[in-house]
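What follows is a single structure, written as structure tokens, with notes after it.
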Amino acid sequence: MAKHLFTSESVSEGHPDKIADQISDAVLDAILEQDPKARVACETYVKTGMVMVGGEVTTSAWVDIEEITRKTVREIGYTHSDMGFDADSCAVLNAIGKQSPDINQGVDRADPKEQGAGDQGLMFGYANNETELLMPAPITYAHALVKRQSEVRKAKTLPWLRPDAKSQVTFAYEDHKIVGIDAIVLSTQHCDSVSQADLIEGVMETIIKPVLPAQWLNKDTKYFINPTGRFVIGGPMGDCGLTGRKIIVDTYGGMARHGGGAFSGKDPSKVDRSAAYAARYVAKNIVAAGLADRCELQVSYAIGVAEPTSISIETFGTGKVSEEALIALVRQHFDLRPYGLTEMLDLARPIYQSTAAYGHFGRNEFPWERTDKAEALRADAKL
């Protein structure tokens, strides 16, 4: 039997890079709410006592960048200067300008269906059948741990928790089937008064055990809870944060390839985001249809051109039909032009802030997680 380990990590909504992602997507949502056809590329930088919001926007909307920023930081939980970051006293700098007309002329068309891609690039979508969500287990449970940390913190179940946290989970596999969890890392920011012993017990009993399936834990599973022994200074006081620096956390935890483009702060005309969502939609429906146990789809674009420049599929030896047949089915059932995929997934609306923490995939509230094409794919594959 072939044995291997695979590790994925996640970070909480209070991690500096995720603060930046959430602010960028909060700005995007506020603009799309007023102007669904807006062009938005919003980048955020956070550091002790300050937030800088920049980028390029073309819109008829007006939004209050400062108020959106403060509200987002407040909801995350940075509300007092003893955390090193306070929503009500931090400086907010606005450096947003207009989108280049050179880009705009390549994207907009008289016929909306011929809308060109907002940039060149390559995107990947992935699905497998090792969880009910058709997502890899390591990233799924890494997200679940930090999401649980946030829930426990906001409920004040463990009142010494602070917003910044990271998780990492190592799964053991035999012949690509999960046989257990080898190691768990959870580091959480905390107030100065809690003892290491109380912290370890609280995290184990209140965060780790309720989240991870008991059948995957055994006497050899290793636990690393705040392994440095102290994590009082965190958030933007500990590290600066930037939009788009957690692209592997945002996607498949490293189990699939990545085209390099970040998601947050980008409207659906940016195929870095919208085509990656569509690629996940395609891959998930292929796996849901039983056409493969694992599926990775790559799609690529040229700026100003509507049709993808390439579509390729890898099923890692698990496909029930040829990859050429799968590509033909994809072309038949999915419109991967920028306008088509925006319509197919109803992307021109304010749904993005909630994507900006705990992963963009494997969450059934999002339209790219539907499996409504699976039955038709299976029928046309004649399985």
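Placement of Cβ uses the backbone N, Cα and C atoms for every residue, glycine included.
Residues near Lys266 (ATP binding site) in space but far in sequence (CB under 8 A, at least 6 apart, same chain), listed by position: Leu28, Val40, Ala41, Cys42, Asp272, Arg273. The ATP binding site annotation in Swiss-Prot covers His15, Asp164, Ala165, Lys166, Arg230, Phe231, Asp239, Arg245, Lys246, Ala262, Lys266.
Residues annotated as Mg(2+) binding site in Swiss-Prot: Asp17. Taken residue by residue with DSSP, Asp17 (Mg(2+) binding site) is part of a helix.
What Swiss-Prot lists as K(+) binding site is Glu43. DSSP assigns Glu43 (K(+) binding site) to a strand.
Here Swiss-Prot flags Glu56, Gln99, Asp239, Lys270 as L-methionine binding site. Under a cutoff of 8 A between CB atoms, and with a sequence separation of 6+ in the same chain, the neighbours of Gln99 (L-methionine binding site) are Arg39, Ala41, Glu56, Val57, Thr58.
Residues or ranges marked as region 'Flexible loop' in Swiss-Prot (evidence: sequence analysis): 99-109.
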Close to Glu43 (K(+) binding site), taking Cα pairs within 10 Å and only the binding-site residues Arg230, Asp239, Lys246, Lys270, are none
Within a 10 Å radius of its Cβ, which of these binding-site residues (His15, Arg230, Lys246, Lys270) has the fewest neighbouring Cβ atoms? Arg230
Just how many other Cβ atoms lie inside 10 Å of the Cβ on Ala165 (ATP binding site)? 29
How many whole Å apart are the CA atoms of Arg230 (ATP binding site) and Asp17 (Mg(2+) binding site)? 21
Counting every protein chain shown, other Cβ atoms within 10 Å of the Cβ of Asp17 (Mg(2+) binding site) number 23
Between Lys246 (ATP binding site) and Asp17 (Mg(2+) binding site), what C-alpha distance do you get in Å? 7
If you count the other CB atoms within 10 A of the CB of Glu43 (K(+) binding site), including all protein chains displayed, you should get 22
